[in-house]
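Enquirer: The transmembrane segment annotation in TrEMBL covers 22-44, 56-73, 200-219, 239-257, 264-286, 306-328, 340-357, 377-398, 451-468, 474-496.
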Amino acid sequence: MSQKQLKEAFISNLNGTSLLEVSAGLSLAPLCLLCRGLLLILYYLHHGKPVSSRKYSLLLDFLVLVSPLLFSCTVLSPILLFIPVTLAAFCAGIFSKIYSQRKREARVPFGQIVKEFQKARLDPECIPAITAFRVCINVMTCIGILAVDFPQYPRRYAKAETYGTGAMDFGVGAFIFGNALVCPEVRQKSHTTQVRLPSLARQVFSVWPLISLGVGRLLSVKSIEYQEHISEYGVHWNFFFTLASVRLAASLLLAIFPKHKAWLVALALAVLYQLLLSTTSLKMFILHGSDGRDSRLGFLDANREGLLSLFGYLAIYLASVQVGLWLLQRRSSVRGWLEALRGLALAVLVLLVLLQLCQVCTEPVSRRLANLSFCTWVLAYCLLFLGSFVLTDLTLVFTKLLVKGSSVPCCWKVVQPPDSREKHGTEAVPVGRQDELPQPCLISAINKNQLLFFLLANVMTGAVNILIDTLHSNAAFTLCILHLYMFFNCLIMYILHARNIVLKFW
């Protein structure tokens, strides 16, 4: 077999992993974010000032937010279930140290702190959990697309061939979910048809970079005979085309149907598509098609997975629009977000029950089909992942109230209560230094140029595979390459962020 065939075989015919292991992997990013926040608050408590050095801030963010994710999906994967427990214990130790030291200095009763926390008002214009969710999905995706080519990356984490719940299977759906959370239909407040039509026209224009990237990937892969797993999307199709098509189709549907009914359109679409899979020969066509997948027999046959899975991805996107609209409802207090957190927990519980019913009554999860089970799984775990970031932010808000003046980048800002504002005749302002410059933050840096970050990761993944024999790399070399790859990508985003450069020209 040629090197290309060996690499294609290496990522083919896989069956995924358990839902428990996927859950454990998803818990790492929120715990790392919590750990980073607690360390920054502890530093402020001891030194009376935040970490101001950009160099040390980048190193801290990379070592705490990115490096653990790299280790957990490679050499530490055999003990993955123990890593969240260890991180949680470490965070609990830091919190205990902060609380005990503040208790000695301030002597404030715990009950009073809890009451102050519940009454605290948060910046309603910012929801850090959405940003953290989207950035962490992007980071984990970029790690996975290169790590999967190394033997240290467990095969069970890679995309399943037909049925299964691989970590990378979830990543595809989560990417769609994250894009929908901040789509123009969610951020646009007006509901009139006169506004919808120009918005639709802008959406048509805004997807041209994705189409261009899809065409560029197609031409480059075919020209250099780069390895490709055809059963993922087909002969010519790729994920960039899926993103563009889903976004266009969703904009069209949301121009016809009310936005607040998006979940009904998503449900109808997912159920009808599953009925077609279960009652017609559509499933057999997607999984088997014609012998040999000869593209001369038709574009649909050659790219059947990519084209027909659009129905499932579109259902996920529309459901995510509904989630985004619900999240952006104005909540300016901790109490309001605690209620929202309970709502998220209830939604996750309902979706997990539906997932079990779908797998029993229809078929197991299949990313290749994007069936009803897959849509339900992605939505349940995305809400679980998103809820964990909300919980992380609220925990950091509570800790910041213990250490007055402390701040954590990409976390909710606590503002003064209304009575305090009225008494002083000023607007609500964040607790802490008023002349303090924004702290450097890797999450904010990646968030500013998310598409560039993803594109740069794809380009570097191709370069590494061309230059290095990934299949026969040892663990030390693999970790070195992966860390250099991610650090270089993060460094580029950090430099652009420091210079306030956003490379968006559409």
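Backbone N, Cα and C atoms are what each Cβ position is placed from, and that goes for glycine too.
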Enquirer: Which stretch from 56-73, 451-468, 474-496 shares the most C-beta pairs under 8 Å with the transmembrane segment (200-219)?
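Expert: The listed stretch sharing the most Cβ pairs with the transmembrane segment (200-219) is 451-468.
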Enquirer: I'm a bit unsure how to read this: which one of 56-73, 264-286, 340-357, 377-398, 474-496 has the highest number of Cβ pairs shorter than 8 Å with the transmembrane segment (239-257)?
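Expert: Highest pair count goes to 264-286.
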Enquirer: For the transmembrane segment (22-44), find every same-chain residue at least 6 residues outside the stretch whose CB is under 8 Å from a CB in it, and list them.
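Expert: Counting only partners 6 or more residues beyond its ends, the transmembrane segment (22-44) has Cβ contacts under 8 Å with 50-51, 60-61, 64-65, 68-69, 72-73, 80-81, 83-84, 87-88, 90-91, 94-95, 97-98, 132, 136, 139-140, 157, 165, 167, 170, 381, 384-385, 388-389, 391-392, 395-396, 399-400, 402-403, 405-409, 411, 443.
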Enquirer: Below 8 Å between Cβ atoms, which of the listed ranges 264-286, 306-328, 377-398, 451-468, 474-496 makes the most pairs with the transmembrane segment (56-73)?
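Expert: If we count Cβ pairs closer than 8 Å to the transmembrane segment (56-73), 474-496 scores highest.
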